[in-house]
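Notes follow once the structure below has been shown.
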């Protein structure tokens, strides 16, 4: 039952990945591609948008562990994204030119700065974020849900501000302030270096990272920790009375979620080939939360759909629709400026009519549709 | 049957004060090994408060709780539970959207050793541990008679089966003491009788002492080896069911004092 539907999801995603890779890697550079098709793809499915949406997938999967599995509302997830991004900025560029440190880096050994291998930076970014997750979670996770949400909100505001103003911390330049840190080292894969414009290969790398998060989510969900997270979401008091240590379990959810944020941050930095403080704003936290809610809290496959869909609408769908619409009817409506109106509307409608998300975890559907629960369950199980 | 003189749990001189209200006043209460003892009293007598002190949910204003040689007075609930003190709840508190067997696996949390990385990688020892705990969960579910519902969401079980599942979940902690908070609340006489037999079965086949908080006197008097009566936070009587039945203070606590004269 559950396993076969899982296999369907995996197969579906693999086909999509293969199709997109072929389009980027072979169809796009092909001279014989009719210009109409090229323009169409460039308008509706540009490579940058696809790669960016995968960064959102990675982060949304992390947030899903915190919000979907453990039931802790986190409104400041962008902080982890930012910390991960700056880890990439610090450890794979010439930013700290005073130091000359190379660790399997992808640039010449004479280059100044810290140059750690991309895969090493991923690990560093993830672990630093997990550390900050525990640091911020320690004092705040004792709070009840609403208060926790407010504190995380503050955390999500503070961290980007620190980076924004971090070009002169007692004379030390931590983040290069508004100018940001740019030109990152290419990603070494075997003997090849993948630069900022190798969309196809970067696409595969991001897919692998997302797949890693899916794997981690599913494995943890099935194990001891995942059960404890769900138990806490269901009934905190009963869980503690059954020997589940609340703080430790919530902290681990926070740490794993933050780890994913770190991966996403590093990936995003390589995607835009730089780190800019003004890009880490509050709306990203809300955006990610909307992806988790829209897709279906607690269901990784749904969350992926939610992340891809919202990210695509935001970066491509709405502007492309606007351009087409304006061309056709000779209007000059600024469609992208309605993004948040649209998302707000979608979320309100979702909460009114489909609170469990597009592809819900079967358990959650039961809570939200008390009345028709029985019928729902039997139809689900018999599939 | 004579009660063992070894107390597996001993709460000494427990007092609990909520602001100006003295909810429990200097109560000493022991649970002998492998016994079935009951705690009764009118509403508001402090039974549940006392229960919550034993399980670590409340800290007593004074007094100590000693469980199996460990002073548990200041331990958090999950540590006390991990030591082997298990409880059920007056109003059922299962993990409704987890399956019956998952409910039991949650209770085994403190016994499982695999860490995060071992779980992600799926090391052989982690797999073995998961399989063993799943087997044990199924065995306990069979023992309480709801083995066929192992894969069903807890909330979909019938009321009686949910009560059984709560006991099963408590047993999954491998407890030395099982605390049942009004287990027959909401049951009709037949169901209560089935439950009494079930308590006997648990006591006979698992090495566990049972403390019962109960309103149903038929249940209390038929299963208990010793009954303790609380009234307004104080222990007013303790003895065998027969002694309690004829105890003047107990009758007064439940029915009120006869006004002097007639």
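Quick reminder: no glycine exception, Cβ is built from N, Cα and C everywhere.
Since we're looking at a predicted model, the values are computed, not measured.
Positions annotated as transmembrane segment by TrEMBL: A:12-33 (among others).
Residues or ranges marked as transmembrane segment in TrEMBL: A:53-72 (among others).
The transmembrane segment annotation in TrEMBL covers A:79-97 (among others).
For A:117-135 (among others), the entry in TrEMBL reads transmembrane segment.
Annotation source TrEMBL lists transmembrane segment at A:147-164 (among others).
Here the transmembrane segment (A:199-218) has long-range neighbours at 6, 17, 20-21, 24-25, 47-48, 50-51, 54-55, 57-58, 61-62, 64-65, 69, 122, 187, 189, 192, 256, 260, 263-264, 267, 270-271, 300, 304, meaning same-chain residues at least 6 beyond its ends whose C-beta is under 8 angstroms from one of its own. Positions annotated as transmembrane segment by TrEMBL: A:199-218 (among others).
Residues or ranges marked as transmembrane segment in TrEMBL: A:286-313 (among others).
Within its own chain, the transmembrane segment (A:333-353) is flanked in space by residues 283, 287, 290, 293-294, 310, 313-314, 318-319, 321-322, 325-326, which lie at least six positions past its ends and keep a Cβ under 8 Å from the stretch. Look at TrEMBL and you will find A:333-353 (among others) tagged as transmembrane segment.
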Inset, instruction - Could you pull out which residues elsewhere in the chain have a CB under 8 Å from any CB of the transmembrane segment (A:79-97), counting only those six or more residues past its ends? - result: 59, 62, 105, 111-116, 118, 120-121, 124-126, 128-129, 132-133, 136, 155-156, 158-160, 163, 175-176, 180-185, 257-258, 260-266, 268-270, 274-275, 277, 280, 284
Legend entry - Cβ-Cβ under 8 Å with the transmembrane segment (A:53-72): same-chain residues at least 6 beyond its ends: 80-81, 141, 145, 148, 203, 206-207, 209-210, 213-214, 217, 220-221, 226, 229-230, 232-233, 249-250, 253-254, 256-261, 263-264, 267-268, 271, 287-289, 291-292, 295, 297-300, 303-304, 306-308, 310-312, 315, 361
